[in-house]
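*Asks:* Here it is: the structure, laid out below.
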Amino acid sequence: MSTDLKQKLPISRIIFVLLGSLVVIASMATFITIAEDILEKERFAFDVIVNGWVEQVNTPAVTNGMAWITELGSIWFLTVLSIGVVIIMIRKKESWFSIILFCITVGGGGLLNTLLKQIFQRERPSLLETVDGIGYSFPSGHTMGSCIAYGMIAYILSRYVTSKRKQFLLLVSALVLSLLIGLSRIFLGVHYPTDILAGFAAGLIWLSVCISALEWRNYRSKRLLQSSSG
């Protein structure tokens with residue numbers, strides 16, 4: 001990387017870009033590996049191991065708790081939550097580009113998940129009448145949607161707090177909540193563990209692309225402002 005570029009890009013931004021690139025590469029490798037095996041109708045040892053563990057620790061009380069947690073990743077809940085975030089962004093006088101991109105990130109992630117389900121058409125392991133488990137299984141819509149929505153919400157809200165500790169807590173909270181929602185789908189028996197893993201992978205890819213677009217737009221805007229004022 002040239003000295004001029006280093007002067008233009010702060011070290012923190014360079015680290016952010018490198019880490020984001022690693023996340024995208026790892027997520028793509030994970031998704032492609034699972035997708036290829038699904039197309040070939042392979043049986044996953046990962047599914048067998050995780051499902052065996054779930055059967056050992058699951059109880060009626062745990063199932064009831066997971067049924068509540070899974071609702072935090074439902075379409076209706078994420079939609080209401082996203083509308084609330086859009087209202088906050090408007091009140092914070094965010095640019096319309098940021099607001100529109102936020103909507104594209106969350107809404108586009110849902111459309112992408114629907115497309116992937118139609119491509120792979122993996123049947124679910126089972127369906128419980130009390131659980132939202134409609135359509136194909138791969139990748140998990142709850143997991144992918146939660147990863148995208150909560151990840152983007154944490155990213156947006158972290159811009160409104162100056163404390164590094166609070167920013168870190170926002171990101172960790174989004175990660176933990178997404179993991180719990182993904183885990184709930186396994187405990188409720190409506191997804192294979194590999195559906196969840198692929199949901200995270202696809203969600204992280206889409207989230208990284210959208211955040212990168214917003215970061216690049218903000219960076220370009222600052223550069224143009226500095227050039228005009230200089």
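Here the Cβ of each residue, glycine as well, is placed from N, Cα and C on the backbone.
These came from TrEMBL, pasted as-is:
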type	residues	note
TRANSMEM	12-34	transmembrane segment
TRANSMEM	66-89	transmembrane segment
TRANSMEM	96-116	transmembrane segment
DOMAIN	97-211	domain 'Phosphatidic acid phosphatase type 2/haloperoxidase'
TRANSMEM	136-157	transmembrane segment
TRANSMEM	169-190	transmembrane segment
TRANSMEM	196-216	transmembrane segment
*Asks:* Counting a contact as 3 or more Cβ pairs under 8 Å, with residues at least 6 apart in sequence, do the transmembrane segment (196-216) and the transmembrane segment (66-89) touch?
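*Replies:* With fewer than 3 qualifying Cβ pairs, these stretches do not touch.
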*Asks:* Under a Cβ pair cut-off of under 8 Å, which of the recorded stretches 12-34, 66-89, 96-116, 169-190 contacts the transmembrane segment (136-157) most often?
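*Replies:* Stretch with maximum Cβ contacts: 169-190.
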*Asks:* Take the C-beta pairs under 8 A between the transmembrane segment (96-116) and each of 12-34, 66-89, 169-190. Which stretch has the highest count?
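*Replies:* Result: 66-89.
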